[in-house]
Ligand code: GUN
């Protein structure tokens, strides 16, 4: 069994990006600038945004965190987005999800300038992705592709089963794995809450990408020998033995499934760190695009 070490690979990617930034600085060019908008006080979202900002510092990007209160109106948030769209100093920005109830997420994502949409959530970028055009691929799916690529995991002609159809992970992943090229050329099954007899499907899978958010959902009896496992689950489970009072748990029963797997991502330290590295990569691409 080979551990798909997202922590190590994401560090490699950050070092590569830091080298690019050094060259930009040496040439007297402006460095990439990422802004992250966060609305409200959700603990997990604040943690994620803080690590995105820290990652920017680490590679030498400029970063701006925009914090808005939980009672922010739709109009106020849209005004902030128009401001970021127009600001020539900002190369890319993200709106951390989920948003409070009073805000229509679809309207907000549509307002982002597609050239600055480093999350790849704008319908134009999503459509471009589905049509194999150059675009911003959402960071988590992009990170999974990069992990498969760097470990040389064969995807061609394989049966990939994706669990969960979220707009951020499952749906784009199902499109990307079936695309022409590498990693891709897979035969894809997208499973979700209405799927019947999921074990019958997972037990035929060569590659399983689980983005469900149910701790320990995927058990050893549900997979075949030599399966490749990508665990995107990051559920906080209460745990008094830890300093924070919780631990992060994936969708996969790692202890038992890892005994059958050929490749597997750990949680934490698998897909999670890759997401941040690929957000930086998209921001670098956004900077390069602004120059064209
Ligand atoms: N919430 C959970 N994942 C993400 C992500 O990748 N980007 C944003 N903006 N919000 C998220």
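Cβ coordinates come from backbone N, Cα and C, glycine included.
Unlike curated entries, TrEMBL annotations are predicted automatically.
Taken verbatim from TrEMBL:
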type	residues	note
DOMAIN	4-119	domain 'Tetrahydrofolate dehydrogenase/cyclohydrolase catalytic'
DOMAIN	138-290	domain 'Tetrahydrofolate dehydrogenase/cyclohydrolase NAD(P)-binding'
BINDING	164, 165, 166, 234	NADP(+) binding site
Cβ-Cβ neighbours of residue 234 (NADP(+) binding site) (radius 10 Å): 20
Cβ-Cβ neighbours of residue 164 (NADP(+) binding site) (radius 10 Å): 24
CB contacts for residue 166 (NADP(+) binding site) [other CB atoms within 10 A, all chains]: 15
For NADP(+): widest Cα to Cα gap among 164, 165, 166, 234 in Å: 16
Overall pLDDT of the domain 'Tetrahydrofolate dehydrogenase/cyclohydrolase catalytic' (4-119), taken as the mean: 97
